[in-house]
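Visitor: Below you'll find the structure I mean.
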Amino acid sequence: MADRNASVYSTSGRKKSVAEEPVTSVLKGGDIPVNDSGREWTADEEVLAALGYKPEFKREFTLWTTFSVSFAVLGLLPSFATTLYYGMGYAGTAGMTWGWLVAMIGIQSVAASMAELCSSMPTSGGLYYASAVLAPPGWGPFAAWITGWSNWMGQVTGAPSVNYGTSAMILASASISNPNYTPTNYQTFLLTVLLQLIHGCMASLPTRWIGRVNSAGTTFNILALIAVIIIIPAACDRTALNLELNLPKFTASSEVWGDIYQGTSYPAGVSVLMSFIGVIWTMSGYDSPFHLAEECSNANIASPRAIFLTSATGGIFGWFLQLVVAYTVVDIPGALTSSLGQPFAAYLVQVLPQRLVLLVLSITIIAGFAMGQGCMIAASRVTFAYARDGCFPFSRYWKHVNTVTHTPVNAVWFNNAVGCCLLLLIFGGNLAIGAIFSIGALAAFVAFTTPIFIRVFFVGNRFRPGPWNLGKLSIPIGRIASAFVALMVPILCLPASTGDSLTLASMNWTCVVYGGPMTLILIWWFVDARKWFKGPKINLDHLMLDREDQAAQLGGTIEGKDALGRSSSSDGDVPGEMPAGKQVGDMKPEGL
């Protein structure tokens, strides 16, 4: 591990403290990052240097703007509207009420454990970097490989799935206004691709502008969520809209909390667990501050705070929204099978007058638009970080930072192209395109929990926490997070139907669409990638204090140079130079 009280050298040769708080780094404790930028590093840049990376972004995100991006990616209102088919369709109102609370225990545990890792390793590589550093000796590159690819798959499906849901709501609104109009798959595809292109342009803007856009988007998301939570129960008119049913204004609590809708072929308890896909996918955006850490000031405190606050705030407000819908829904099967093609829109038609239906849908569509561009931004930072370490084919193109905007524009459009290809699943039907939601939940959770599992069960109390940490609760919370994900991974792959009812049309394609690429990635690892992929690459010149020990480890004598590049083989106090091409995966952090 590299302490923040290690030293860096400026170009003038003057030593400068890395910083005060500890970091968990792929660099060994004796290594000294070299500052050849021509200016003194800020405290945040020193932390990044201690992690082995050159400062490449402008740090124009604050705690609020980082939280804004994260909350925009979370997008409670549009996320809920998009995944209502799963949250309500598998277990009904029971899954939406107490089911949400049960799921949030596991989700908040994952978020808290992730925030602790972020404080110790505030880099864009995030979970991938943490897996490489914490894994047992010899396993770092493989752990990083699995974590990185799984996380990228979850990230790259984010914007397409959100934009698909937004497009479906736009076309459903048109259908409500004109009952003779029925949306087609072709129209949904084109509209979704248009949203992808718009968001690609927005995500290519300078960081300062992105921060402002996301601040406005998050403010609108919060206000829209509060407005919808108020509008629906206040204006709900189930009696007038459903005269033949003679319904009260709200459903009785005993029915809301006690009745489990049999939307699957499994026992009630399994159906409730399957409904968690809605919670997991809705709450999967809280990792964004980790990937934005290199653009955030005071990153090892602000970024973990943003992770924890995003999950906690989303969990509370999301539950309120779930309660509102659970107490007012009239006909669950009718909402799920409506010709509108969007369960949330069909639900609104059951409980609100048409003008208010269109108002709520309009608010949700705007919030969904803000969420889509937030997802595009977060995914591009993940792609940049992994390309920087050579994970992708043609990584040299995707890791490029635009000299004008100082943002990874190439990574934005690479993700955009992949996302547009995924949208071709629209032509396979609702369950086929629905796989991108399950992939987002499954892939993200596998990536989220891999470094947490390693930290809990392999590193234990030897882990060096950053300034934001869980203290004595770290191990217990990490165990809860690991157990929750271990339970949910197979659940997320179950089809809703079994036996003779299971057909190609009703199949859960998550295990194929996620499992297929991951299988190919594993084959790639064992056939070729293990020969050249060594984990995160250090892209920063650095010197070694313990020259003799390092020389022995590397199997040769290291010719030392001082900070100005002068030969210093005779002075044992002068650091040795890092051999060209040496990578992090070849070393092991001190104390692990």
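Note: Cβ is positioned from N, Cα and C throughout, glycine not excepted.
Unlike curated records, TrEMBL annotations are generated automatically.
From TrEMBL, here are the annotated features:
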| type | residues | note |
| --- | --- | --- |
| REGION | 1-22 | region 'Disordered' |
| TRANSMEM | 61-86 | transmembrane segment |
| TRANSMEM | 98-115 | transmembrane segment |
| TRANSMEM | 127-146 | transmembrane segment |
| TRANSMEM | 186-205 | transmembrane segment |
| TRANSMEM | 217-235 | transmembrane segment |
| TRANSMEM | 266-286 | transmembrane segment |
| TRANSMEM | 307-330 | transmembrane segment |
| TRANSMEM | 356-387 | transmembrane segment |
| TRANSMEM | 408-427 | transmembrane segment |
| TRANSMEM | 433-459 | transmembrane segment |
| TRANSMEM | 480-498 | transmembrane segment |
| TRANSMEM | 504-527 | transmembrane segment |
| REGION | 556-592 | region 'Disordered' |
Visitor: Count, for each of 61-86, 127-146, 307-330, 356-387, 408-427, the Cβ pairs lying under 8 Å from the transmembrane segment (433-459), and report the range with the highest count.
Guide: 127-146
Visitor: Please work out whether the transmembrane segment (266-286) lies in contact with the transmembrane segment (98-115), by counting C-beta pairs under 8 angstroms that are 6 or more apart in sequence and asking whether there are at least 3.
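Guide: When sequence-distant Cβ pairs are counted, the transmembrane segment (98-115) touches the transmembrane segment (266-286), since at least 3 lie under 8 Å.
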Visitor: Against which stretches of its own chain does the transmembrane segment (356-387) lie, if we need a Cβ under 8 Å and a gap of at least six residues from its ends?
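Guide: For the transmembrane segment (356-387), the list is 69-70, 72-75, 77-79, 81-82, 123-126, 128-129, 148, 151-152, 155-156, 158-159, 162-163, 165-166, 169-170, 172-173, 176-177, 195-196, 198-200, 202-203, 210, 213-214, 216-218, 220-221, 224-225, 227-228, 231-232, 235, 285, 287-288, 291-292, 294-295, 344-345, 348-349, 395-399, 401, 407-408, 411-412, 414-416.
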Visitor: Under 8 angstroms, Cβ to Cβ: which one of 186-205, 480-498, 504-527 has the largest number of such pairs with the transmembrane segment (127-146)?
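Guide: Answer is 504-527, with the largest number of Cβ pairs below 8 Å.
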Visitor: Which of 61-86, 186-205, 408-427, 504-527 shares the most C-beta pairs under 8 angstroms with the transmembrane segment (307-330)?
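Guide: Most contacts with the transmembrane segment (307-330): 61-86.
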Visitor: Most CB pairs under 8 Å with the transmembrane segment (186-205): which of 61-86, 408-427, 504-527?
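Guide: Out of the listed stretches, 408-427 contacts the transmembrane segment (186-205) most.
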